[in-house]
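**Student:** Structure provided below as structure tokens; questions to follow.
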Amino acid sequence: ASEPFDCPNSSFVLMGVPSLEVFPTCLGILFCLGYIITLVGNGVVLLVIGLDNSLRDPIHCFLAMLAIIDVVMVTSIVPKMLSIFWLKSTEISYMACFVQMFLVHSTTSLESGVLLAMAVDRYVAICHPLRYQAILNRQTIAQIGLAIVVRALLFMVPLTGMVTNLPYCRSRVVPHLYCEHMAVAKLACTDPRPSRLYSVAGSSLIVGMDMAFIAVSYGMILKTVLGKKSCWKAFSTCGCHICVLLLYYIPGIVSIYAQQFGSGISMHAQVLLADLYLTLPTMLNPVIYSIRTKQIRQAVLRML
């Protein structure tokens with residue numbers, strides 16, 4: 001543990017949930033059920049959007065993007081979690097750890113971008129309904145999707161490079177269920193503050209910018225519909241999106257700042273919060289859209 005290990009054959013040890021190691025079976029069952037619900041729910045959403053020709057409008061394209069991102073996000077962490085809980089397989093190779101880190105943190109950026117795109121979609125649909133198809137055509141949707149992916153890569157590639165280039169010579173034990181970048185960076189021989197500052201600044205910029213644009217979109221929607229008879233109808237069409245926004249951003253912001261500055265928060269609380277932040281929204285997103293969106297609900301019933 002005292003010698004640097006920076007070759008691809010080296011490995012880290014994922015500790016799991018500190019102080020809750022005596023409940024591996026129960027925790028494994030909970031995360032496994034959540035994973036199954038996520039796969040089934042998002043799979044059904046993708047299937048009905050793919051099979052039903054009436055679901056080709058922009059909002060359902062963005063919903064399909066969201067479902068794909070959710071599946072990638074949970075698949076990058078939950079199988080390894082279950083192997084830790086049930087098989088005691090705590091080791092993860094150097095390369096696998098950084099691939100997992102890249103997938104986890106890039107998908108969180110992608111999801112935030114898609115939620116912003118969905119807010120823009122609601123704004124155009126409510127404030128400019130006659131120009132909806134002209135503004136959000138297939139080319140525009142493709143460009144928005146590409147911009148979301150490029151932004152995530154521009155944020156994550158430098159961060160991953162900074163963390164992978166650190167020399168690791170301390171304990172190999174990562175006090176997490178997955179390779180959370182700050183938990184890994186703390187094991188480095190050198191000062192990890194540059195990567196920490198970059199991570200906090202980058203994630204704050206992405207989340208802050210997206211939330212600001214979402215707030216502007218909903219502010220303009222409010223200005224357009226307030227006092228009109230269609231007010232409640234407009235809000236009902238935005239209900240699903242608002243629920244998903246709250247479910248994603250509130251735990252996400254709490255988790256990010258708890259990891260970075262929450263010295264007074266117990267380690268097992270930080271780990272569980274980080275895990276729930278990644279798994280809970282991905283599980284509930286398809287449930288929210290299936291229950292609250294009439295088109296999705298009817299498409300599921302037709303398919304069945």
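Every residue, even glycine, has its Cβ placed from backbone N, Cα and C.
The following feature annotations were taken from TrEMBL:
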- 41-289: domain 'G-protein coupled receptors family 1 profile' (DOMAIN)
- 22-49: transmembrane segment (TRANSMEM)
- 61-86: transmembrane segment (TRANSMEM)
- 92-120: transmembrane segment (TRANSMEM)
- 141-163: transmembrane segment (TRANSMEM)
- 200-222: transmembrane segment (TRANSMEM)
- 234-257: transmembrane segment (TRANSMEM)
- 269-289: transmembrane segment (TRANSMEM)
**Student:** Under 8 Å for C-beta pairs, could you tell me which stretch among 61-86, 141-163, 269-289 has the largest tally with the transmembrane segment (200-222)?
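**Tutor:** Answer, by Cβ pair count: 141-163.
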**Student:** For the transmembrane segment (269-289), name the stretch out of 61-86, 92-120, 141-163 with the most CB-CB pairs under 8 Å.
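**Tutor:** Comparing 61-86, 92-120, 141-163: 61-86 has the most Cβ pairs near the transmembrane segment (269-289).
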**Student:** Mean pLDDT over the domain 'G-protein coupled receptors family 1 profile' (41-289): what is the value?
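**Tutor:** Mean model confidence (pLDDT) across the domain 'G-protein coupled receptors family 1 profile' (41-289) is 85.
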**Student:** By Cβ distance under 8 Å, which residues at least 6 away from the ends of the transmembrane segment (61-86) in the same chain are close to it?
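**Tutor:** Non-local partners: 14, 16, 24-25, 27-28, 31-32, 34-35, 38-39, 42-43, 45-46, 49-50, 92, 100, 103-104, 107-108, 110-111, 114-115, 117-118, 121, 141, 145, 148, 177-178, 244, 275, 278-279, 281-283, 285-286, 289, 296.
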**Student:** Given a Cβ distance threshold of under 8 angstroms, which distant residues of the chain, six or more beyond its ends, lie next to the transmembrane segment (92-120)?
**Tutor:** 5-14, 59, 62-63, 65-66, 69-70, 72-73, 76-77, 80, 144-145, 147-149, 151-153, 155-156, 159-160, 163-164, 174, 178-181, 184, 203, 206-207, 210, 213-214, 217-218, 241, 244-245, 248-249, 252, 278, 281
